[in-house]
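A.B. asks: Next up is a structure, given as structure tokens.
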């Protein structure tokens, strides 16, 4: 009887993991707020980047302000390979990263271990 | 709380349990038994392990899973089961949870320390910058901070001081140690008119110079920018790893559940044993070694090469450099010194005068050689009039009321040489000299031989490249015979001569049919060929390096650096592959062992050992990357003897 319950439990747990991690889940996309020839967007770092995709307007100086709430040493660095940015994000503090918006395109960024991903779209 | 403090805290709380484990065979038991262990482990879980759990939960809510997920799930399972077991009077294994946390934090602590030293290259470069400069303001030299220096400022540098920014010496001379920027170990003698590089150290003389580049435009600032970009870039090989990492953690959780079910349901193991196998699987599978295998090696490799004046643009270039079959060189300025000099004049004294009159307005390097020679022999050139270019051959103009011409051997389509001159011309060309034909009133009156000698280091570099099994090719606009003679002097296999500047890229494309090609050339004139080649190596000289032009930029204009650049790229790339291999092997072998596949052979992995192994795997990957700093380069072992 025990074994039957364990088997059923295992099947349920596996299906849940597969659905939760591999299933399609929509991600939020946020446009940066433009004020006085500057655009600024906040990204919260906690178990990933929220919002994970930010949209910037081309040609306007832009800043992404990261606030890391996550204690993981994985997320303590943010790396934009296309811009040569590799910065340390202090915990529970705002840390602004300046993005060069001169060339439109989609730019991926990631944590120091490349486990969490975010995206910047410049258009 | 820092990783170090979290580690120390969990170590102190784990120690009593460790002592019990070792001393248990001798009849020692912990006072308070399971309850003491419960309190100690609860402390570890609440303080040292809490960040793992927080992070795992935050990631979970975003449909993500990372290494923290594995640590949190693994230790929480062991801990919660032990609480249940304690309350129902069964055997507990709190120590597993506590030890795993301690070992993983130990691994992370080392990893953090080593990652810091791996990424130290950029900080070291920035640290080279001078803090202040002695600038001429209102007729007096005053110390101003570096940020206040502007282009055009006159700056004084005393013995032992740092040159603040890039510029040109206005007055005085000295020897300057440029090793920190160019990798050149010998101090360089400089005088008025010579370029100086910011952050280099002045030797014994005092001089003043005019600032030409400040702030982000200086060579050092550009090097820093390039190294930063290279260190954050990804080698293409990493992309496969990323795809694996994305699905890895959930897959491991599923594997752990399967392990538990198979052991408990099918093989009839006890609940405790089945769970221990599952926990071991979760702990051993942590993919962090995989995640840091490429970035750490890339950081150390590009950082080390930057110190030698070799700037590798990104991981892609590094990987491409590994597959190179052919190295193509531009002749002038790359293999040769790039300062042509007149060696022979055939004909009367009027030959040089006519030539100088014709060349006085030209900026061609050969014209410079002719004018230098005229200047040395005390001739004053009088500019000719009515200039007319003879397409691809030379120029024609009026000198002293007579028509005169100068140009290369293609002019022989229009004019004829005496048999004697033809013979002399062949002789000179075979001696690696470029021959210029000078004529007046439709008659060839003489020849001027100009030589651009190969650099001292060229022959050695070519030999080293050939020893690495590479095919070497020289590309030049020069005459076939001259090119062949130079090629023979330095030992190059193949020569492609008579290539017009615009056709260099096309020549590279043709060579690419036989395999990937690297092209080494002047960063300023050879941009199309540099971008066409699989690996473009831009040879710089001092402050004028063209960073955009090549995948690899050499600060020094020395062919030996081409060898070093290729060797370092290969070393770094093989290190990346080695790291990835070990990280993968570790996970692929570790998981089956942890799952108890070899239990029949007596080979099992307890959760504690799995935790230790996991700490060791990231530790060994970072250590292996740091070893790149120490690896020997064959090409540096043979410096060219300086013969004064």
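Any Cβ shown, glycine's included, is placed from N, Cα and C.
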A.B. asks: Between the candidate ranges B:556-579, B:580-603, where does TrEMBL place the transmembrane segment annotation?
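C.D. replies: So the range that TrEMBL calls transmembrane segment is B:580-603.
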A.B. asks: When each of B:7-28, B:247-266, B:272-298, B:580-603, B:609-628 is checked against the transmembrane segment (B:65-85) for Cβ pairs under 8 Å, which one has the most?
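C.D. replies: The listed stretch sharing the most Cβ pairs with the transmembrane segment (B:65-85) is B:272-298.
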A.B. asks: Taking 3+ C-beta pairs under 8 angstroms (sequence gap of 6 or more) as contact, is the transmembrane segment (B:247-266) in contact with the transmembrane segment (B:7-28)?
C.D. replies: no
A.B. asks: So if I exclude everything within five residues of the ends of the transmembrane segment (B:609-628), which remaining residues of that chain have a CB under 8 angstroms from its CBs? That is, six or more out.
C.D. replies: 99-104, 106-108, 110-111, 114-115, 117-118, 279-280, 283-284, 286, 288-289, 292-293, 296-297, 299-301, 304, 571-572, 575, 578-579, 582-583, 586, 590, 594
A.B. asks: As a test of reading the model: what is the averaged pLDDT for the domain 'P-type ATPase A' (B:128-228)?
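C.D. replies: Mean model confidence (pLDDT) across the domain 'P-type ATPase A' (B:128-228) is 87.
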A.B. asks: Take the transmembrane segment (B:272-298) and find every residue of the same chain, 6 or more past its ends, with a Cβ under 8 Å from one of its Cβ atoms.
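C.D. replies: Contacts with the transmembrane segment (B:272-298): 67, 70-71, 73-74, 77-78, 81, 85, 90-91, 93, 96, 100, 104, 111, 114-115, 118, 230-231, 233-235, 237-238, 241, 244-245, 248-249, 252-253, 255-257, 259-260, 263-264, 315, 318, 572, 575-576, 579-580, 582-584, 586-587, 590-591, 593-596, 604-607, 609-611, 613-614, 617-618, 620-622, 624-626, 628.
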